[in-house]
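Here is what Swiss-Prot records for this protein:
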- E49: active site, proton acceptor (ACT_SITE)
- D60: active site, proton acceptor (ACT_SITE)
Amino acid sequence: MNRITETFDRLAAKKEKALVGFVTAGDPAIETSEAIIRAMCEAGIDILELGVPFSDPTADGPVIQRSSQRALANGTNLQTVFDMTATLRKTFQGPIILFSYYNPIFRYGAENFYRDAKQAGADGVLVVDLPPEESAELTSCWKGDDFALIRLLAPTTPDGRIGAIAASASGFLYLVSMTGVTGSSGLDTTHIADLCAKVQRHTALPICVGFGVSTADDVAKIAQHADGVVIGSAFERLIEESIGKPDIAGILAERTREYKAATKM
């Protein structure tokens with residue numbers, strides 16, 4: 001059994017939902033980033049989404065855009081991300097998903113990316129801007145291997161399209177809670193039940209909901225209907241606000257514990 005399936009099964013047995021935490025690798029500095037992520041994992045992150053910084057993150061809002069800029073400015077690249085993954089894997093037992101735009105992967109080479117990601121201990125990848133119809137070059141590298149390809153679904157995805165996207169995915173599905181970019185404000189959780197039910201009619205894959213999640217109350221409401229809750233911009237905003245503070249890792253760990261407590265049914 002792979003780490004992703006094992007994690008969802010273990011949490012379901014405890015009547016918990018997965019806390020999926022996104023952090024841009026190398027923000028605000030490489031060593032600080034490792035310390036922050038390690039503290040967050042120890043505090044309750046179930047699945048880690050490790051962001052590959054990119055110069056043109058069109059799907060992301062200003063908070064994550066700035067985090068990418070800081071990471072790129074200190075020299076973070078794909079090799080840095082692989083090195084960080086390998087370091088985190090020594091202590092973190094949960095799944096590590098690499099979160100990237102396709103351009104860095106294309107420049108690195110799809111086969112090289114898969115080889116080095118797998119060797120570092122990553123469990124899968126989410127490529128934000130790569131639709132199923134254009135994924136063959138990447139997915140052919142690990143055909144038959146237990147390496148997950150996480151897919152995004154939007155609230156506006158037509159029913160007929162949901163099935164095709166889900167069929168090309170593995171691990172879990174990332175269901176976007178609203179249209180717009182990451183970190184958008186005004187999350188309305190009242191429609192989450194209907195969104196999840198619509199997707200569940202097409203797949204048995206776990207569904208994790210993200211975009212605009214910022215409070216423990218948001219987490220608790222989403223966790224009633226989804227298998228996991230994804231938090232990214234709220235973590236990155238807190239990192240940005242805490243730059244220069246000696247206990248930045250502890251600050252992020254405390255917020256992680258608050259979010260994790262809200263995933264318990």
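Keep in mind that glycine also has a Cβ here, set from the backbone N, Cα and C atoms.
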At the level of the C-alpha atoms, what whole-angstrom distance separates D60 (active site, proton acceptor) and E49 (active site, proton acceptor)?
14
Inside 10 Å of the Cβ of E49 (active site, proton acceptor), count up the other Cβ atoms and send me the figure.
24
Using DSSP reduced to three states, classify E49 (active site, proton acceptor) as helix, strand or coil.
strand
Report, as a single number, how many Cβ atoms besides its own are within 10 Å of the Cβ of D60 (active site, proton acceptor).
24
